[in-house]
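A short write-up of the structure that comes next.
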Amino acid sequence: MESALKEQRGGESVLDLSPRATPAGGVEDVYGEDCATEDQLITPWTIAVSSGYNLLRDPRYNKGLAFTERERDAHYLRGLLPPVISTQELQEKKIMQSLRQYDVPLHKYVAMMELEERNERLFYKLLIDNVEELLPIVYTPTVGEACQKYGSIFKRPQGLYISLKEKGRILEVLKNWPERSIQVIVVTDGERILGLGDLGCQGMGIPVGKLALYTALGGVRPSACLPITIDVGTNNEQLLKDEFYIGLRQKRATGQEYYDFLHEFMSAVKQNYGEKILVQFEDFANHNAFELLAKYGTTHLVFNDDIQGTASVVLAGLIASLKLLGGSLADHTFLFLGAGEAGTGIAELIALEISKKTKYPVEETRKKIWLVDSKGLIVSGRKETLQSFKKPWAHEHEPVNNLLDAVKAIKPTVLIGTSGVGRTFTKEVIEAMASTNERPLIMALSNPTSQAECTAEEAYTWSEGRVVFASGSPFPSFEYNGKLNIPGQANNCYIFPGFGFGLVMSGTIRVHDDMLLAASEALAAQVTEEHFAKGMIYPPFADIRKISAHIAASVATKAYELGVATRLPRPANLVKYAESCMYTPNYRSYR
């Protein structure tokens, strides 16, 4: 990936630590609360000590009925609460019981957001303890529907909205956010939300959801997270005519106007928060995503989850799947349906991993990987008309117009879908994969569920139960001929929370491809023989905090090796250090 982006940067590497566009400034370098301080008494400071009715309205410090008798007296809560004193565990049980009464996932999503607005620690306690049940609610697929209806369900700001109206004043807008020690920003311009297209300002649900997972799954404290939506307009006619739409009612800004606005944003972020602020780009359109990653990769700590996070989690599944498929990555042939930022990002990381293991140049290892876009197989005869990020994948071959013919011609062992178009892995395609492979690997990665290239049931049935299957959105287990198959979920949630946490805890100032490879290998190492026996190529989400700690430690290790980690001295045991730094949502005791 770095080798491809270097061409766009004129040969500059992220390790060159370019001084271009690097304004000074930022906040004090403090990594916040960790579990080692859980038993210490804290003071619930806001601008002054929070107490009484205001304390119950402060989501960071509110504990509801869990306030003790002494705390009720000390903080003027007597009479403001019913007399019963409840534990956090009982509150959790009550909320989960209430959530399970809802039949509509969006109603559960709204209830969870309302809980976060009134009791932050209980929200994260619920999410951590019930991650497999609640992950599809706060993230994909339900978050997609939430974004589509965000104008109707919007109640209070959960992040910053920076629109073209604020041009020339972005630094001032950033200073309006109440928290100062921000460590992770997730930003979107709403142009390519999941597989749903341009949702404009309503894309805010994505940064909000991602950062909730940074805390729950990766351990980054909530106060260090900032969701941002860049509103440059929308080309979605339906939204422009919607009386409840919350964004600018104009067509999208493009070209120089767009890039100047983004440059002001990136400069203001670094000036306000410093060199070590992680900016995660989320759901930008292909042409902008690659341009922004190439432009700011050498001057800022930036990460694109759609390009790099998706690539890393898919590579982890591929590495783990070798236990079931046999051979090494270099022995396999890969075919992608979809050649956008996700597809080309995954392809490049696979090529880099093969290059690393075989010592062959990456230009050579790319030849094991083929991509199909809307016009057919990407071949050298199409090179003149291809976008720059597709050109490395234009190999010598006669033209092929559709996926089925490409499968028959290339005879891949691995088929990966990143097209954003549902039901494109047809019965004929999967049967063709099964006819040339004893155990074909099929990854239908497009989100949400309705856009998946095929379902788990279809993949297992049409391959006569021989397929190794993973998807982007969750599918239920499926029994075929008496054997229970558990589909893998190649969900970015496995990677980005731990990856970002590793950058933050080590004070890393640039992202390098070797860190992505380290994250992939760390995730693959968490898949056990017991998981393989069930056909799984990813570990269960129930272990995600432990998984994230291992990923964070591997990423931090690589950062120290590359000389881009600034938190010194280096901790002796990075896994234990990661676990000790993780935010924990247990209630604290107040003076």
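Every residue, even glycine, has its Cβ placed from backbone N, Cα and C.
Pulled from TrEMBL:
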{"type": "ACT_SITE", "residues": "Tyr139", "note": "active site, proton donor"}
{"type": "ACT_SITE", "residues": "Lys210", "note": "active site, proton acceptor"}
{"type": "BINDING", "residues": "Arg192, Asn447, Asn491", "note": "(S)-malate binding site"}
{"type": "BINDING", "residues": "Glu282, Asp283, Asp306", "note": "divalent metal cation binding site"}
{"type": "DOMAIN", "residues": "116-297", "note": "domain 'Malic enzyme N-terminal'"}
{"type": "DOMAIN", "residues": "307-560", "note": "domain 'Malic enzyme NAD-binding'"}
{"type": "REGION", "residues": "1-26", "note": "region 'Disordered'"}
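Mapped onto this structure are the features recorded in TrEMBL.
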residue : record                             : Cβ contacts under 8 Å, 6 or more apart
Tyr139  : active site, proton donor          : Gly209, Lys210, Ala212, Leu213, Cys493
Arg192  : (S)-malate binding site            : Asp198, Asp283, Phe284, Ala285, Asn286, Asp306
Glu282  : divalent metal cation binding site : Val186, Val187, Thr188, Ile206, Pro207, Lys210, Asn304, Asp305, Asp306
Asn447  : (S)-malate binding site            : Thr140, Pro141, Gly144, Leu194, Gly195, Gly472, Ser473
Asn491  : (S)-malate binding site            : Leu135, Thr140, Val313, Gly472, Pro474, Tyr538, Phe541
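Least crowded of the binding-site residues (Asp283, Asp306), judged by neighbouring Cβ atoms within 10 Å of its own Cβ: Asp306. Within 8 Å of the centroid defined by the CB atoms of Glu282, Asp283, Asp306, the record's divalent metal cation site, lie the Cβ atoms of Thr188, Arg192, Ile193, Ile206, Phe281, Phe284, Ala289, Asn304, Asp305, excluding the listed residues themselves.
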